[in-house]
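Below is one structure; the comments refer to it alone.
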Amino acid sequence: MRTAASLCLPILFLLAAVSSTQAYDFFYFVLQWPGSYCDTKQSCCYPSSGKPEADFGIHGLWPNNNDGSYPSNCDSSKPFDESKIRGLLSSLQSDWPTLACPSNDGTNFWAHEWEKHGTCAESVFDEYRYFKTALDLKTQLNLLQPLQSAGIQPDGGSYSLQSIKNAIEESVGYAPYIECNGDESGNSQLYQVYLCVDSSGSQLIECPIFPRGKCNSQIEFPSF
Ligand code: 5GP
Ligand code: 5GP
């Protein structure tokens, strides 16, 4: 006669195998406001392709767990290979510009994001798909537009954090997490916007957990 254990064990092994192929639960898609990267004490450098457009730029697509932890640098055997993303270069330059110093063409930033975050989602993305998915998400979200329609302009003015969240939620359908940093005088300002994407990278979802950290209730939206 077969015992309960003999029936359950194969199922448990199967479950373990399925869960081990996916070492994360969802993605954060993170966009940065260039004005807020640049007006800090540390300042910034424009990429060699020139000053980016006054728009949100991509920071990264980051695998994350529901408990807030996240994997990183998962596969050193898949270093960034520029030849795989040749067809995306002009989109990457305009939509994923680097602002770090010294001035460079962006390859360092893209390589860092692929190696630290992208290699942790290899079960869904190869390098090309990782970058293409992020570029398509940025186009789909088109974040500046709903903010401007709500009268929230990158003009150095002060806006309520809630009004920023509301404008984005109304347009996207999900509440964003807003990360602030400080300008040179220490004013709290809109630095990064986080939205969440399901583990297959195919659709936006409600964020299972938000990162820690708080903005002031009124924040600056600097020009760029
Ligand atoms: P910071 O310490 O500046 O907030 O973050 C430094 C880097 O750590 C980020 O650029 C990102 O690579 C990673 N990181 C920080 N917070 C999170 C998080 O909540 N989830 C994931 N997946 N990565 C994070
Ligand atoms: P994280 O580990 O925070 O995902 O990635 C941040 C790393 O990318 C840092 O080493 C930072 O110097 C580099 N980096 C290059 N360009 C940029 C940029 O435009 N914005 C940010 N936040 N980091 C950049």
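Cβ atoms are placed via backbone N, Cα and C, with glycine included.
The signal peptide annotation in TrEMBL covers 1-23.
What TrEMBL records for His59 (among others) is active site. In sequence order, Val30, Leu31, Gln32, Glu113, Gln192 are the residues of the chain that are 6 or more apart from His59 (active site) and have a CB within less than 8 Å of its CB. DSSP gives His59 (active site) a strand state.
For the recorded site, Glu113 (active site), the DSSP three-state label reads helix. Under the heading active site, TrEMBL lists Glu113 (among others).
Non-local neighbourhood of His117 (active site): Gly60, Leu61, Trp62, Pro63, Ser72, each in the same chain, at least six residues away, with C-beta under 8 Å from its C-beta. The active site feature in TrEMBL is assigned to His117 (among others).
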